[in-house]
Amino acid sequence: MELLRMKKAIYGRNEVQPFASTPKHRQLEEGKDPKASLLSKVLGLEELFSLEVWKASLAEVLGTAVLVFALDTKVISALQTETKTPNLVMSVLIAFAVAVIHLATYPISGGHINPIVTFAALLTGLISISRAAIFISAQCVAGILGALALKAVVSSSVQQTYSLAGCTITIVAPGLNGPTVIGLGTSQALRLEIICSFVLLFASVWMAFDRRQAKALGRVTVCVILGIVLGLLVYISTTVTATKGYGGAGLNPARCLGPAVVRPLE
């Protein structure tokens with residue numbers, strides 16, 4: 001009894017347990033396999049059944065389809081005009097269109113509208129493999145839909161002349177000794193595509209993907225800057241080579257895929 005009174009005097013009414021038992025929920029968390037949790041997070045299989053993800057993918061379909069249609073029509077319109085600087089006009093129009101589409105899709109899906117941007121988001125851990133697969137599939141389908149819409153509104157002669165404004169590096173043009181192939185070499189076009197894509201991803205990762213940077217600049221500013229960057233890259237890629245027949249860096253596999261699939265269709 002004397003010992004019990006001494007312990008109460010020291011610790012109060014509630015005795016301090018020398019080895020406190022771990023709460024049940026913490027025991028369950030500690031029992032989880034960290035590798036399994038990481039794998040589940042990376043795969044994101046539960047997102048395959050998420051309504052939010054499918055809504056976002058629908059936004060990617062609409063945004064990418066509109067982007068492909070808008071960019072290709074602007075390319076054809078700029079080249080058909082009698083201006084001395086069609087590349088500059090085309091680049092300004094592309095920058096404006098990209099900024100507007102980014103602003104429209106950013107709140108819903110993040111405004112990827114580009115498979116390489118989605119792939120970069122996957123590599124940086126911003127999205128899961130399941131979401132990336134859904135987005136990239138949606139963007140590729142949208143590229144075909146946008147090209148089909150363009151083919152439906154332009155004449156056959158325009159389709160043949162500009163190849164639906166697809167990602168072409170060479171064209172067949174009339175020459176002195178018959179039709180000749182003019183354009184850019186495959187290796188040079190590949191190097192230019194890699195460099196321009198790297199610049200685009202650099203701007204995307206350090207501004208759009210960085211939450212602190214995006215919050216500091218604001219959504220509108222980030223979308224406008226990305227549009228300007230894309231417009232500059234299109235202008236540089238179409239002028240630095242000074243080669244007829246080269247359509248400039250594609251910078252978007254979905255935009256290249258659409259006309260490539262639709263052109264052979266009768």
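In case you wondered, yes, glycine gets a Cβ from its N, Cα and C as well.
Long-range contacts of the transmembrane segment (88-109) within the same chain: residues 55-57, 59-60, 62-63, 66-67, 70-71, 74-75, 77-79, 81, 135, 219-220, 223-224, 226-228, 230-232, 234-235, 238, each at least 6 residues beyond the stretch ends and with a Cβ under 8 Å from a Cβ of the stretch. What TrEMBL records for 88-109 (among others) is transmembrane segment.
As annotated by TrEMBL, transmembrane segment applies to 129-150 (among others). Same-chain neighbours of the transmembrane segment (129-150): 42-45, 47-48, 53-54, 56-58, 60-69, 72-73, 109, 112-115, 118-119, 121-122, 164-166, 252-259, 261-262, counting only residues six or more beyond its ends whose CB sits under 8 Å from a CB of the stretch.
Feature annotation from TrEMBL assigns transmembrane segment to 162-184 (among others).
The transmembrane segment annotation in TrEMBL covers 190-209 (among others).
The transmembrane segment feature in TrEMBL is assigned to 216-236 (among others). Long-range contacts of the transmembrane segment (216-236) within the same chain, counting only residues at least 6 positions beyond its ends with a Cβ under 8 Å from a Cβ of the stretch, are 87-88, 90-92, 94-100, 102-103, 106-107, 111, 196, 199-200, 203-204, 207-208, 248-249, 251.
Counting only same-chain residues 6+ beyond the ends of the transmembrane segment (162-184), those with a CB under 8 A from a CB of the stretch are 71-73, 75-76, 79, 147, 150-151, 154, 192, 241, 243-247, 250, 255-256, 258-260, 262-263.
Listed by sequence, the residues of this chain that lie at least six past the ends of the transmembrane segment (190-209) yet keep a Cβ under 8 A from its Cβ atoms are 110-111, 116-117, 120-121, 124, 126, 184, 217, 222, 225-226, 229-230, 233, 236-237, 240-241, 249-251.
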